[in-house]
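Enquirer: Pasting the feature list from TrEMBL:
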BINDING   Trp160, Arg377, Asn486, Arg533, Asp563, Asn791  Mo-bis(molybdopterin guanine dinucleotide) binding site
DOMAIN    55-95  domain 'Molybdopterin oxidoreductase N-terminal'
DOMAIN    99-572  domain 'Molybdopterin oxidoreductase'
DOMAIN    690-811  domain 'Molybdopterin dinucleotide-binding'
Amino acid sequence: MNNNDLFQASRRRFLAQLGGLTVAGMLGPSLLTPRSATAAQAATEAVTSKEGILTGSHWGAIRATVKEGRFVTAKPFELDKYPSKMIAGLPDHVHNAARIRYPMVRVDWLRKRHLSDTSQRGDNRFVRVSWDEALDMFYEELERVQKTHGPSALLTASGWQSTGMFHNASGMLAKAIALHGNSVGTGGDYSTGAAQVILPRVVGSMEVYEQQTSWPLVLQNSKTIVLWGSDLLKNQQANWWCPDHDVYEYYEQLKAKVAAGEIEVISIDPVVTSTHEYLGREHVKHIAVNPQTDVPLQLALAHTLYSENLYDKNFLANYCVGFEEFLPYLLGEKDGQPKDAAWAEKLTGIDAETIRGLARQMAANRTQIIAGWCVQRMQHGEQWAWMIVVLAAMLGQIGLPGGGFGFGWHYNGAGTPGRKGVILSGFSGSTSIPPVHDNSDYKGYSSTIPIARFIDAILEPGKVINWNGKSVKLPPLKMCIFAGTNPFHRHQQINRIIEGWRKLETVIAIDNQWTSTCRFADIVLPATTQFERNDLDQYGNHSNRGIIAMKQVVPPQFEARNDFDIFRELCRRFNREEAFTEGLDEMGWLKRIWQEGVQQGKGRGVHLPAFDDFWNNKEYVEFDHPQMFVRHQAFREDPDLEPLGTPSGLIEIYSKTIADMNYDDCQGHPMWFEKIERSHGGPGSQKYPLHLQSVHPDFRLHSQLCESETLRQQYTVAGKEPVFINPQDASARGIRNGDVVRVFNARGQVLAGAVVSDRYAPGVARIHEGAWYDPDKGGEPGALCKYGNPNVLTIDIGTSQLAQATSAHTTLVEIEKYNGTVEQVTAFNGPVEMVAQCEYVPASQVKS
């Protein structure tokens with residue numbers, strides 16, 4: 001098993017368990033300035049070298065300084081040449097007003113338990129209880145739900161959590177609940193939901209989380225690089241494991257080659273991305289396609305390649321199936337409309353000759369297509385991902401260095417040559433011990449549902465939906481448990497979430513910050529941050545550069561406990577503590593994980609020191625021998641011996657499997673489907689003319705670090721999350737830089753701070769996802785979000801019956817200058833603590 005296989009196995013384990021100069025405009029150049037770049041900078045940072053407590057994070061490895069018991073500064077690990085600016089906010093993650101300090105229970109739930117007034121959820125009124133009381137209530141609710149409703153009523157979910165191979169909330173939640181009883185599982189994720197379902201049908205693998213062709217080979221062989229909805233520079237700041245940021249060295253080399261005219265970069269995006277800005281507007285060809293019309297552009301490129309005889313017939317014949325079935329649609333023989341450049345011009349806003357010229361350039365050179373994830377997060381997002389593969393197949397360069405396609409270039413240091421080393425195991429969510437309630441009767445409901453449809457299950461239990469060839473009967477959820485995740489950040493259409501929340505009997509949240517999910521929970525348990533515990537982590541993701549010790553920086557704050565100890569105590573209540581811990585404490589688990597790594601290393605010719613030597617003396621080990629890699633090379637060299645994981649073993653431009661599903665919104669070959677709403681003359685654009693992007697933020701990882709005042713001071717506008725808007729659109733609405741504006745549609749309304757920037761095409765606005773929800777009337781659907789969470793505005797529909805994934809980027813809004821009273825943002829405060837208004841009531845005394 002190679003490094004890429006090991007990395008994918010780990011990611012799959014997790015999945016199974018569960019823009020004038022704007023702030024954004026400053027991102028590229030500052031991030032890609034090595035710390036040794038200036039003498040002054042070097043002088044200020046010299047003190048960080050090997051001083052402080054070493055630990056890791058999603059944003060990179062750091063040396064932490066502690067003064068008087070407080071984590072006060074985070075300096076970059078000495079090996080990180082391109083540290084993320086976000087590490088400045090890490091001390092705030094530990095010490096801030098939104099920190100969950102004690103176990104808390106919502107007022108009315110404490111009075112009435114599962115019979116409480118659920119309309120009060122979100123009013124932020126909680127009562128402090130003891131740990132024993134909180135865990136007793138947790139256990140009693142598990143018992144009640146299993147006995148009363150069975151496993152179809154319980155859903156558990158986790159998310160990005162924190163770094164660390166042992167302290168992973170997803171595995172601990174999964175194992176603890178599995179020891180008690182069965183529950184409803186989820187499939188897919190919010191990042192790549194459409195692509196990860198369609199691509200295995202087309203090329204036999206998920207693609208999105210896999211290693212990409214090594215950057216040295218791309219820089220050596222590519223003549224044209226197409227960035228299709230991909231912002232490398234911004235998104236590589238934070239990774240799943242602790243990033244080494246080595247990939248930024250290759251971005252510097254790319255910039256030099258672009259400036260020298262050796263490589264041409266084409267950015268297909270309605271926005272001048274941070275990567276585009278960094279490489280230089282004068283050097284990058286910008287194709288500012290109208291939002292959600294990428295597929296018409298792709299079809300027109302394919303039409304040009306075919307009609308001008310620029311496509312690779314041999315590659316299609318030897319490595320693909322189904323081009324003949326796709327061709328009649330492309331040529332218009334099915335519907336009378338050729339999908340040519342003239343047709344696409346009307347939809348995309350790109351003139352026909354520019355489209356034809358782009359196709360010719362891609363065919364004339366070694367072309368690397370670098371596809372991001374944002375485009376597939378729209379209605380019918382599967383079609384765009386499918387067409388990326390079709391275009392690459394027609395060019396015939398798949399499996400060649402510097403050619404073909406890739407969907408993971410912006411993530412986890414992809415393209416950095418991987419090193420021969422060890423990938424540690426972790427705390428697994430699986431167990432062979434039978435549960436206390438060994439009930440597998442889901443009463444005809446499905447035991448697994450698509451994660452992006454879980455609100456549908458709450459609102460419409462019993463509804464039957466299609467999902468990737470299966471029929472799913474949505475279960476009647478009564479209780480949800482969330483650990484290391486924030487659904488009020490990642491799920492769409494918050495007012496619909498609130499409606500669903502009111503139908504749940506019990507919600508339990510385990511976290512370290514008072515996110516909206518916690519404010520809308522019934523029982524809230526305070527977990528430690530990663531800086532309050534010991535762990536191990538990989539250093540570098542696809543690079544697999546080494547292993548780093550994550551040393552405890554400060555003790556657990558207030559009454560916070562490690563997830564491990566929370567679930568250990570829960571399991572003790574139903575006599576499964578030993579099964580959960582396996583007889584080990586924190587350090588015992590770290591030693592076991594390390595020793596498993598030692599054994600893995602022996603099989604790979606990699607030596608790891610003894611654990612005590614590593615932990616007490618070395619703290620970091622580095623692997624050698626970076627290895628070059630070409631994605632799909634083995635398949636190209638011998639498709640018979642190295643077939644793809646599709647039914648044919650080849651690239652499936654036409655999929656009989658999908659065709660046989662008989663879905664009207666995802667058929668046997670890629671197609672253009674009109675959206676339920678679309679800007680630039682599309683459906684709904686007369687009333688709400690602006691397309692809203694809600695892409696990954698510049699200064700956060702999703703909603704993590706939104707609590708950091710240090711970081712918010714760098715990007716908020718008038719104390720609000722910024723909304724980026726084109727100068728023409730701003731002028732037409734009387735909006736200026738710094739104005740507080742109302743962004744709204746029929747689904748909701750938010751306040752935001754205006755940033756007027758020509759980086760955004762006319763008709764396009766952006767609010768970064770992850771902004772904390774801050775309603776002016778807590779718990780009420782339709783409330784005005786005072787801070788600017790874009791998921792108040794996004795639509796909660798599936799991409800199609802195939803993936804049933806998120807369609808966040810199918811969203812239209814209007815923006816107006818806000819003339820009302822601007823209330824103070826309260827999202828980053830703690831709860832309203834109620835004292836002596838109610839007392840703990842044992843479950844036996846609750847009248848049904």
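Every residue, even glycine, has its Cβ placed from backbone N, Cα and C.
Each of the listed features needs to be described in terms of its position in the shown structure.
Expert: Under the DSSP three-state reduction, Arg533 (Mo-bis(molybdopterin guanine dinucleotide) binding site) is assigned to coil, being neither helix nor strand. Sequence-distant neighbours of Arg533 (Mo-bis(molybdopterin guanine dinucleotide) binding site) (same chain, 6+ apart, CB under 8 A from its CB) are Gly164, His167, Met550, Gln552, Pro556, Asn562, Glu586.
Sorting the domain 'Molybdopterin oxidoreductase N-terminal' (55-95) by DSSP state (H, G, I as helix; E, B as strand; all else coil) yields 10 helix, 14 strand, 17 coil.
Restricting the average to the domain 'Molybdopterin dinucleotide-binding' (690-811) gives a pLDDT of 98.
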Enquirer: Name the secondary structure element type, per DSSP in three states, that contains Asp563 (Mo-bis(molybdopterin guanine dinucleotide) binding site).
Expert: helix
Enquirer: Could you work out which of the binding-site residues (Asn486, Asn791) has its C-beta surrounded by the smallest number of other C-beta atoms within 10 A?
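Expert: Comparing Cβ neighbours within 10 Å for the binding-site residues Asn486, Asn791, Asn486 has the fewest.
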Enquirer: Using a Cβ-Cβ cut-off of under 8 Å, list the residues of the same chain that are 6+ residues beyond the ends of the domain 'Molybdopterin oxidoreductase N-terminal' (55-95) and lie near it.
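Expert: 30-32, 34-36, 45, 47-49, 160, 162-164, 237-246, 248-249, 512-513, 529-532, 537, 539, 548-555, 557, 620, 699-701, 704-705, 707-711, 714.
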Enquirer: Can you give me the same-chain residues 6 or more apart in sequence from Trp160 (Mo-bis(molybdopterin guanine dinucleotide) binding site) with a CB-CB distance under 8 Å?
Expert: His58, Trp240, Gly484, Thr485, Leu701, His702, Gln704
Enquirer: Give me the count of other Cβ atoms within 10 A of the Cβ belonging to Arg377 (Mo-bis(molybdopterin guanine dinucleotide) binding site).
Expert: 30
